[in-house]
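**Q** According to Swiss-Prot, the GTP binding site annotation covers 14-21, 89-93, 144-147, on the basis of sequence analysis. Residues or ranges marked as Mg(2+) binding site by Swiss-Prot on the basis of sequence analysis: Ser21. What Swiss-Prot lists as domain 'tr-type G' is 5-215. Annotation source Swiss-Prot lists region 'G1' at 14-21, citing similarity to another entry. If you look up Swiss-Prot, you'll see 68-72 marked as region 'G2', on the strength of similarity to another entry. Feature annotation from Swiss-Prot assigns region 'G3' to 89-92. What Swiss-Prot lists as region 'G4' is 144-147.
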Amino acid sequence: MAKEKPHINIVFIGHVDHGKSTTIGRLLFDTANIPENIIKKFEEMGEKGKSFKFAWVMDRLKEERERGITIDVAHTKFETPHRYITIIDAPGHRDFVKNMITGASQADAAVLVVAVTDGVMPQTKEHAFLARTLGINNILVAVNKMDMVNYDEKKFKAVAEQVKKLLMMLGYKNFPIIPISAWEGDNVVKKSDKMPWYNGPTLIEALDQMPEPPKPTDKPLRIPIQDVYSIKGVGTVPVGRVETGVLRVGDVVIFEPASTIFHKPIQGEVKSIEMHHEPMQEALPGDNIGFNVRGVGKNDIKRGDVAGHTNNPPTVVRPKDTFKAQIIVLNHPTAITVGYTPVLHAHTLQVAVRFEQLLAKLDPRTGNIVEENPQFIKTGDSAIVVLRPTKPMVIEPVKEIPQMGRFAIRDMGQTVAAGMVISIQKAE
């Protein structure tokens, strides 16, 4: 069987109104991922329908966004010669950060859209910094609205230089910077004849050359549980996405924090594994699976539990333990002080955590300490903090298992901060 094309999850980031949605719309439109019947309608209108058609697509996308849902996920897959690409979310959506951290869709790469008319804006910086914090290692830049400056090379170069500085400071290397006009369709899918001075790839060509994300098969097995079903004739079937490691039929797995909470090992042998209703012998990172474990009942485990091998079980942080984390405060109405107890979201879990200590405030750009033991931290600050969970939960240091070490902090219906676990302090 021929090797299937790799799947890549892309997230679009950038300042509000710089053209993220238009760029997505143009990609889908020019790769013919807009429903056939709609295209037909406009073709019947002849010339008049042409410019109209793209505007209509954009309106549809906008309408869906205003109803509080991002672009209908069914339409956000498209294919390039060497990749299947899924657009997993477009920011501006209030749960964007939470979705990126807890979603089954960790982004492999980001497209940073910057309008040539504005250059780097506050949100451009914030999104780029966030992409770094969330572990997105590949980024490409689309300098949009080139039609508004008559496709001027000088203006492009000036903005490209700003973006380059920002991204290099954050530790990004080797990122293409592409001049585009999403509205006119220049250099998104079709090569532009209006910028003869540019000889690099179009946006879709650059996406097609994205490095394939490595599968972390060498890391310990971790499967955060999304749901637990009881299936007649089979038994209890936990469902989740393999984040790291490999699960094989016959393996013995243990569930945490269930085992810690019940004071007995909730574990058993894996009798069967299924993906998309097909039985399989082994599951790899990225696979969304259901699996049946001998001797584990429906009431033993729930969403937020994590399965791992018994010889390398998931790490549990209990209320008597703490963990040290680096966070970036995205949105807090006043200030965060010791004692603040919001809800932490990571993989499939949600647990209230208490801020025990504010160790240091960092310069978000360099990571250097600017203040030790600050009294408070506020929106825009990056900090090292000590957190204590109010009940047992599974989380791992980002250096050991990055896929299990990132989290969002939420309160009052919004994402207050994003962060990553530096180390875990167990109380003996």
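Glycine too: its Cβ is placed from the backbone N, Cα and C atoms.
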**Q** Taking the Cα atoms as reference points, how far is Gly14 (GTP binding site) from Ser21 (Mg(2+) binding site) in Å?
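**A** Between the alpha carbons of Gly14 (GTP binding site) and Ser21 (Mg(2+) binding site) there are 11 Å.
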**Q** Cα-Cα, whole number of Å: Ser21 (Mg(2+) binding site) versus Met146 (GTP binding site)?
**A** 16
**Q** To see if you understand the setup: which same-chain residues, six or more apart in sequence, place their Cβ under 8 Å from that of Met146 (GTP binding site)?
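**A** Looking at Cβ-Cβ distances below 8 Å from Met146 (GTP binding site), excluding near sequence neighbours, one finds Val116, Asp152, Phe156, Pro179, Ile180, Ser181, Asp186, Asn187, Lys194, Met195.
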**Q** Validating a neighbour-count step here. Other CB atoms within 10 A of the CB of Asp17 (GTP binding site): how many?
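**A** For Asp17 (GTP binding site), the 10 Å Cβ neighbour count is 15.
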**Q** What mean pLDDT does the predicted model reach across the region 'G4' (144-147)?
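**A** Across the region 'G4' (144-147), the average pLDDT comes out at 96.
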**Q** Can you tell me how many other Cβ atoms are located within 10 Å of the Cβ belonging to Lys20 (GTP binding site)?
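**A** Its Cβ has 25 other Cβ atoms within 10 Å.
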**Q** What are the helix, strand and coil residue counts for the region 'G1' (14-21) according to DSSP?
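**A** Output for the region 'G1' (14-21) reads 2 helix, 0 strand, 6 coil.
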**Q** How many helix, strand and coil residues does the region 'G4' (144-147) contain under DSSP?
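**A** Tallying H, G and I as helix, E and B as strand, the rest coil: 2 helix, 1 strand, 1 coil.
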